Amino acid sequence: MSTSFGLHAALPLYLHASLSVQLVVIVALSTFLVTALHLSRPDGLHDAESQVASLPCLSVLALVPFFRRRFDFFNWAFAITRQPMFRFKLLNNSVYIVSGEENRKAFFSHRSLDLTEGFALLSGAIPMVPGITSALQAQRVALIHKRLALVQRESYLKHLIPLLLVDIQQFLVKRYSASGTADPFESIYELVFQTTLRALTCEEIADDEHTATRLRILYAKLDENTTPLTVVAPWIPSPSMIRKLLATREIYWIIKRVIRSRREGGIAHHDTLQILLDHEDDDMLIVGFIMGLIVAGARATGTAASWLHVYMGQDPIWQEKVKLEVDDLLQKYAFVDTKDGRHDISEQLSSVPLHAWENDMPVMDMLIRETLRVAQPHTAMRKNTGGEFWLGDRKIPAGAYLMYPFSDVHLDPELYPDPWSFAPGRPQPEAPMSYVAWGAGKTICQGQRLAKMELKLIISMLVQTLRWRTTDASGNVLPEAPRPDWNDTVSCRPPEKSVYTSYNRR
């Protein structure tokens, strides 16, 4: 049974209440603070029934690294248990962490392991509104997946590509002067947030710089205030939880007002919101679709784009190889011929057909693949929604939560020699499910077509517009690429103010 109840379950009513009522609710609930998390007592290193290693010395303090330094926590736990699987408790929920090839194949393929249920408890990344972004029935989740497929149809992507290219070009004109220095984990993420709004929301939001900026700030607040307590005990009105609720409320109403205005205006547009309205989806589904996918789109794609920009700046040969690849596409397909091509580059790139973007860019495909391998600190999350089953020779009980860290495969030196090295041309391992950046088995990333397209458009525009090097804060070129921090589960960025890009316009 999920532990998300109380204040969290009453969130829809809370969102619709006046500010004064909300403050009264917060004050009232604060008198009922839960001051301790009821974790299970340590029960030895091995459970006699399931033979799954159990972490010793469990306490609230011992589990803080699970949220704050997850990569280190996993490595420590596997080292002390010396097993391919270990378990611990979050409140009354059993959590199993798995590793190894056989467990990986079973994890991604077992029919009882549900992604949505697992993500709801263990992540805390998405703004949780019961019935809108959480506590969704399987039929509702399937409908969201169906709508996401609609916005990735060939006809819609053909319409979307020119709009994305204009957004990218306008951003580069505004944010990048003739030469200068930029923080790629700020500037490139900001760009990806804009392209995500363009792709997954509506014209009213994507065209309004103030609204777009406000949403980016609000989603940053959700990240900043995601703490161990807000994840495992979201009903406790801690300061961080209250800030998350207020940010969620504002995001909710920004989207809700746009939906209401569009319905009342009666003017059809050509965007994702219109697709949802044309299929007569209710407001709850539309709000949930947009709120949730902004997170999935902007965070994952933003991280990939930022790191790809960094890697290409550390070894500029990749900039030139990608530019040659883009130049070949332009020579083959572009119909625009002006004396100053830089100002019309978005129009030129818009003439490249969708099939060429998707199938005729092997260098870009290699770069994206390697970036996702080494700089995406994901952990797959599932819940066993069926009966107990055996994972190898270990029993998984009904209702248990399972996690699989991508580092187990993507940073395995036996599969990827010198795994921290960015080597796009490296041979690909032949082992089953040895690359899981887009998911595997029965769960594949539903938005990968759009994500790949965004990455290719952004990098193509960058190489046509800029030359850049990856530097330190003083402008010195870094002798080697920085190492992604996998403990940062959002963007795996290196220490603050340690990595920049120095650029010049072409």
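Glycine too: its Cβ is placed from the backbone N, Cα and C atoms.
Copied over from TrEMBL, here are the features:
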TRANSMEM  12-39  transmembrane segment
BINDING   CYS445  heme binding site
REGION    477-506  region 'Disordered'
Seminar exercise, completed: Excluding its own, the Cβ atoms lying within 10 Å of the Cβ of CYS445 (heme binding site) add up to 16
Exercise. Near the region 'Disordered' (477-506), which same-chain residues lie under 8 Å Cβ to Cβ, leaving out any that are not at least 6 residues past its ends?
Worked result: 68-72, 125, 176-185, 189, 223, 299, 302-303, 306-307, 309-311, 313-315, 342, 374-379, 407, 411, 420, 422, 464-471
Seminar exercise, completed: What DSSP gives for the residue listed as 'heme binding site', in three states, is coil
Exercise. So how many of the residues in the region 'Disordered' (477-506) end up helix, strand or coil by DSSP?
Worked result: 0 helix, 7 strand, 23 coil
